[in-house]
């Protein structure tokens, strides 16, 4: 009974460490996924932003003239622009205002690769018309349900009345709990301080067969240095780099993984050390019988690997449940992946093996003279 209790405590300890690592890695991955989703959905071969660009959520405006200059290059098919700004959405049920990301697009131009947007783009030609992100947090009200039932609803955005006539699916992030897409004319009405010639993002569509990297180099060399031009992949990578290096949230999650790993090492070490100490006379007897260090190393490593396997399974299952709860509560893209499960299992094996190596010192101190 005592051995079963000790095994249960050992498995629970390793499972706890695995859960801690899973949760930190899961939220870190959701941070990067949500932060770069809008970047990935942009419908352009090349992306133009201000030269001081760091993140899409904090980008600065640049002159639309730069996009007109881009059109003079033979490999360019078309250009379009996007305005961005944080606005205030009023919940019709509670009368509470909540910050929301507002995207102003050219209804006839490229913007986001969203099927729903293509179907409803004509609606945005109308002044004060808007589309609402159905993946927004519920604090904005029963917007999606109302639109699905009624076809369109009236709403208050930046203290102005708008008609929400459609839905799209972009998703929340750590910086935006919801999204609204409007036409460029409506955007300028919602933000009267903004100038029409100052845009936040420029999208360049290239002609078939044109190499984006070569064209980017050509444009960067020929255009003024007050803008930056990225390929789609570079733009996504730049956003991720900003989150990884400039934000404290990513650092905190990474630190959590390290803490979980250290906690696991301490727990497994204490378990193995106690087990060795309790059976030290038996190990000393085996030494007296001629068993060498390799045998004892094998025994201890076997025990460490078995603990890793037994502890990982409940840790994995509980983490899947936590992911589901977190998704329902936050609507962030968090979920279990095969890659993450493999990584955590390997970390668990390393954790237990390392702890076994430390506990080996106690085992090697077993002296047959203490028994006889």
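Glycine is treated like the rest: Cβ placed from N, Cα and C.
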The residue range that TrEMBL labels transmembrane segment, out of 281-300, 341-360, is 341-360
Of the ranges 225-248, 249-272, the one TrEMBL annotates as transmembrane segment is 249-272
Expected hit for transmembrane segment in TrEMBL across 7-27, 28-48 is 7-27
As TrEMBL has it, transmembrane segment corresponds, among 174-199, 304-329, to residues 304-329
Tertiary contacts of the transmembrane segment (304-329), defined by C-beta under 8 angstroms and 6+ residue spacing from its ends, are 7, 10-19, 22-23, 26-27, 268, 271-272, 335-336, 341, 344-345, 348-349, 351-353, 355-356
Counting only residues at least 6 beyond its ends, the same-chain positions whose CB falls under 8 A of a CB in the transmembrane segment (341-360) are 14, 17-18, 21-22, 25, 261, 264-266, 268-269, 271-273, 276, 296-297, 300-301, 303-305, 307-308, 311-312, 315-316
